[in-house]
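Per TrEMBL, these features apply:
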- 41-62: transmembrane segment (TRANSMEM)
- 43-197: domain 'EamA' (DOMAIN)
- 82-99: transmembrane segment (TRANSMEM)
- 120-143: transmembrane segment (TRANSMEM)
- 155-174: transmembrane segment (TRANSMEM)
- 181-199: transmembrane segment (TRANSMEM)
- 205-227: transmembrane segment (TRANSMEM)
- 239-262: transmembrane segment (TRANSMEM)
- 300-320: transmembrane segment (TRANSMEM)
- 332-349: transmembrane segment (TRANSMEM)
- 374-396: region 'Disordered' (REGION)
- 386-396: compositional bias 'Basic residues' (COMPBIAS)
Amino acid sequence: GDERSRESPAPAEAQMQAGAEGSGRVNRCCWKCSVTQLKKIFWGVAVVLGVCSSWSGSTQLAKLTFKKFDAPFTLTWFATNWNFLFFPLYYLGHVFKSAEKQSPKQRYRECCRFFGDNGLTLKVFFTKAAPFGVLWTLTNYLYLHAIKKINTTDVSVLFCCNKAFVFLLSWIVLRDRFMGVRIVAAIFAIAGIVMMTYADGFHSHSVIGIALVVGSASMSALYKVLFKLLLGSAKFGEAALFLSVLAVFNVLFVTCIPVILYFTKVEYWSSFDIIPWGNLCGFSILLLTFNILLNFGIAITYPTLISLGIVLSVPVNAVVDHYTSEIVFNSVRVIAIVIIGLGFLLLLLPEEWDVWVIKLLTRLKVRKKEEIPEGNGDIASGLPNKSRRTRPSMSS
């Protein structure tokens, strides 16, 4: 009997050991989850800083470039050509990260399935890639042309309205779920646009600049909604190949436009020595970095954190404009910036945010109901004790 008791523990001890093992497993799982969440948050902060610095830096560098090289469409064409690096950079990441390494040709063929069963044919190129190449060029050209007219703070704030335009188009075209909060955010965006127009007075240059930014935001929203409608969702390799294809379209079919603008002296420069190649290359690299973080940052962090980087670029541009230009931050402009920023943040709320709020409120109500009976029980338990103490005194 002693030997048996030594070999096999008692049932209570066995249950305690099993409970300890189960709690240890739970603690390990919680520790792993917390570590992965901390890593995601850490990379999210890094991506937010990268998005903010690249977006605000490219905007400020474009403003600086136009002082020496007044050619927004040529700058758009030059920066779009750098999109060709998307697929080579993705393939380098694929080689270093994946266990099953494929040749560039094999990886290209696998990513081409995104365009259809036949791959990237000439018909698919003109029907599915060319329209997005036009929208990409219009988005960047209108944005750069607006920088010539108004300050970079107003441009960066007004471009944040593209998220509200995406929601409205998705609700109308894609039949997405109706959300009252996002309707309020869209109203905030429209009100901010009107107030921004009123901030400097209805002058011709400010109205034209604001109209150009709103047009750029609209083209960006149309690009995103049409991409989801015609092509659906894309994996990282497919998105990299698609952006590289846009660069090919830019070289083949958009190159003639800067040439025409040069010979018609709409965008003219006397000699190539005057062109600030450093600013052009710096702007293109920053814009390429911004697009890489925007498209592939969701692999390492949350999409909401990436969007916050665009909002944080607004105060960065405001600080730079305060020291480099003659911008006047009157009350109307500040209110417009706050309203548009608030609308952008409301659009970042997930679709099930109302369900989470209701669950949180119900939990709080249940806790309050549980606390009230406990307090009443203490009071009730105290009354009989007093009565018991008083009985002997009355009998005596």
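Here the Cβ of each residue, glycine as well, is placed from N, Cα and C on the backbone.
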Taking only the residues in the domain 'EamA' (43-197), give me the average pLDDT of this model.
88
Before we move on, state whether the transmembrane segment (120-143) and the transmembrane segment (205-227) share at least 3 Cβ pairs under 8 Å, counting only pairs 6 or more apart in sequence.
yes
Test of understanding: applying the rule of at least three C-beta pairs under 8 Å (pairs 6 or more apart in sequence), is the transmembrane segment (181-199) touching the transmembrane segment (205-227)?
yes
How about the transmembrane segment (332-349) with the transmembrane segment (181-199) - do they touch, taking at least 3 C-beta pairs under 8 Å (6 or more apart in sequence) as contact?
yes
Interface present between the transmembrane segment (155-174) and the transmembrane segment (181-199) (three or more C-beta pairs under 8 A):
yes
